[in-house]
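Trainee: Grabbed the feature section from TrEMBL, which reads as follows:
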TRANSMEM  12-31  transmembrane segment
TRANSMEM  38-58  transmembrane segment
TRANSMEM  70-90  transmembrane segment
TRANSMEM  97-117  transmembrane segment
TRANSMEM  129-148  transmembrane segment
TRANSMEM  182-207  transmembrane segment
TRANSMEM  219-238  transmembrane segment
TRANSMEM  250-268  transmembrane segment
TRANSMEM  274-297  transmembrane segment
TRANSMEM  309-330  transmembrane segment
TRANSMEM  336-358  transmembrane segment
Amino acid sequence: MDLNNGLQLHGLFLGRAVGAVFGTMLGGWLCDVCPIKIAMCCCIGSSALSVVAVPFAAATGSLHILSGNFFLLGCCGSALVSFTVSAACWSFPGKEVGPILALCNGAFGMTSAALPLAFKVLHMQGQPVAEYSFVAVCAAPPLAFLAASQAPQRPVEKSAEFESDDSCEDDAGMWSAATKRWIAVLAAAVAQFVFSGANSALLGWIVSYADGELHDLEVAPVLVSLLQGSLMLGSFGASRYQQYFALWDLARAQVFLVLLGLLAWLPFTSSVPATVLALTWYGLAGGPLVTYCSTLLNQHCSPTGFQLAVINVGGNFGASAGPFLVGMLMIRLGPQALPCAVAASFCMALLGFAAASLPRFKLMRSNSKTAPLLSEG
């Protein structure tokens, strides 16, 4: 667009972030009020049209038009994420959805890494119309597959959690159950904010970190590819092993392992080999954590599309706020603020897991004390 300063494009990212939040909530609401198959088909088609429009919007020379285009991109793409997560949770009850969401997360990373290579192989690099048109055409196979498949059914709300031995349960019990569910939804959204924010901060600032802390800008692309690849492999690996463990315990263990690796990295942040090992460790252990939030909620209730969308909005906010906050810290404290901030975020997550485990621990202690009395009785 022949701009004098690339920072003038900051409005594009703002437009996409606002569109992502709006699209996520809209997608969750549409999941609950209309046939999800029709909504997904319309969303895929709208997303493809929005992608095709990008080079033409840029040709107008208006940043406002291009920002509006990016708003539509964020809206359609994030609504599609809401549809996908809801369809997966409804089709695979309880813990079964975990490997499916992990595969989706890994496939997203693999596609993101493969598309630039495809542009190079097909000699499209540097031709915006050809590149964006190719991305839009990629929507045709999933659209055809979706049109030929059977739509997932919304789960019927389980009434067992509201039933008791007494037939005259009052509304207070129902309100209590609903309140507990929304507390769980909000807690999952906060966890999604932390994990997505940490991932986005690392991906967003690893080039600046390589230049400022490692003093080797040539290693920056390698670090980006390494982090993307390890995040992808971590998600694919989780689809295989998470089904053999209790997910609540597995999530806490992986948060602890990531924090341990980050703390071991802090004394050696100026070392390239230590950075390579730390990023690989982070991706393999921490990459799958983003999908655990929705899976944990799906294990304990039948979440609505809107509730799953709230969790995804937490991830959207984290993906936008994480790089911004870490960038401010790096301006004030230098490049070393990047690993420190990510380590602090996982320390907060671990404390949150510990706080959430206290009620369960108290319940187990009370059960262990009452069990002998009951057996004697």
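Backbone N, Cα and C define each Cβ position, glycine as well.
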Trainee: Need a quick answer: max count of Cβ pairs under 8 Å to the transmembrane segment (274-297), which of 38-58, 97-117, 336-358 is it?
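Mentor: The listed stretch sharing the most Cβ pairs with the transmembrane segment (274-297) is 97-117.
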Trainee: With an 8 Å cut-off on Cβ pairs and a sequence gap of 6 or more, do the transmembrane segment (129-148) and the transmembrane segment (38-58) reach 3 or more such pairs?
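Mentor: Yes, the stretches contact each other.
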Trainee: Would you kindly check 12-31, 97-117, 250-268, 336-358 and say which stretch has the most C-beta pairs under 8 angstroms to the transmembrane segment (219-238)?
Mentor: 97-117
Trainee: When only pairs 6 or more apart in sequence are counted, do the transmembrane segment (70-90) and the transmembrane segment (336-358) reach 3 or more Cβ pairs under 8 Å?
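Mentor: With fewer than 3 qualifying Cβ pairs, these stretches do not touch.
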Trainee: Do any residues, 6 or more residues outside the transmembrane segment (309-330), come within under 8 Å Cβ-to-Cβ of it, and if so which ones?
Mentor: 13, 17, 20-21, 24-25, 27-29, 31, 78, 81-82, 85-86, 185-186, 188-201, 204-205, 208-209, 212, 290, 293-294, 297, 337-338, 340-342
Trainee: In terms of Cβ proximity under 8 Å, which residues at least six beyond the ends of the transmembrane segment (38-58) contact it?
Mentor: 1, 27, 30-31, 65-66, 68-70, 72-73, 76-77, 79-80, 83-84, 87, 128-129, 132-133, 135-137, 139, 142-143, 146-147
Trainee: Can you tell me which parts of the same chain pack against the transmembrane segment (182-207), counting only residues 6+ beyond its ends and a CB-CB cutoff under 8 A?
Mentor: 217, 220-221, 223-224, 227-228, 231, 279, 282, 286-287, 289-290, 293-294, 296-297, 300-301, 303, 307, 310-323, 325-327, 330, 338, 341-342, 345-346, 348-349, 352, 356
Trainee: Against which stretches of its own chain does the transmembrane segment (250-268) lie, if we need a Cβ under 8 Å and a gap of at least six residues from its ends?
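Mentor: Counting only partners 6 or more residues beyond its ends, the transmembrane segment (250-268) has Cβ contacts under 8 Å with 242, 274-275, 277-278, 281-282, 285-286, 288-289, 292, 296, 339-340, 342-343, 346-347, 349-350, 353, 357.
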